[in-house]
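Among the features that TrEMBL reports, Zn(2+) binding site is placed at C108, C111, C148, C151.
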Amino acid sequence: MPQQRNRVDQSSQGRLRDVFNSTGHRLTAQRECVLQLFQELGDGHHLTAEEVHDRLRKAGQSVALATVYRSLKLLVEIGLLEEVEWREGMRRYELRHNHGVEHHHLICMRCGVTEEFVSEVLNGAAADVARHRRFKLVEVRLTLHGLCRSCRERSDQSG
Ligand SMILES: [Zn+2]
Ligand SMILES: [Zn+2]
């Protein structure tokens, strides 16, 4: 059984290498580390570059913060990760979903909690707008900024 798992891992690494090669980039150990972190966490995790750096450090991987920044940027460029504009100048990164449904984000301006939602109504409206303006729609990403439930409750209590 361990052999079989190893084989699967090698072929997925091969595919990954193909993705990199086809875009003219090299799959370095650091880039792979960064991507692997997201793959292990799975869908629905949104991390800043600092958080990625921190988690890698705690896992015993020494990747410089500048390298983490560059790796994230590249992984977005070749379509393996997605970028969420969190606040002005602040970005979070997540695994690119493969199931083809656009999802959107609710972001708490106080504690930073990020929730995902899917809305067919919203995606349909975006498609209508694009059609009317003869715009070829590539992606729809909506970010709602506000206060999450627990932050609201906390501020209600303090008056
Ligand atoms: Zn997301
Ligand atoms: Zn909050």
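A Cβ is built for glycine as well, from the same backbone N, Cα and C atoms used for every other residue.
Where the annotation comes from TrEMBL, it is an automatic prediction and has not been curated.
Note on C111 (Zn(2+) binding site): other Cβ atoms within 10 Å of its Cβ, all shown chains, come to 12. Around the Cβ of C151 (Zn(2+) binding site), a 10 Å sphere holds 16 further Cβ atoms from the protein chains shown. Shown in sequence order, M109, R110, G112, V113, L147, R149, S150, R152 are the same-chain residues outside C108, C111, C148, C151 whose Cβ sits within 8 Å of the Cβ centre of the Zn(2+) site. The DSSP secondary structure for C148 (Zn(2+) binding site) is coil.
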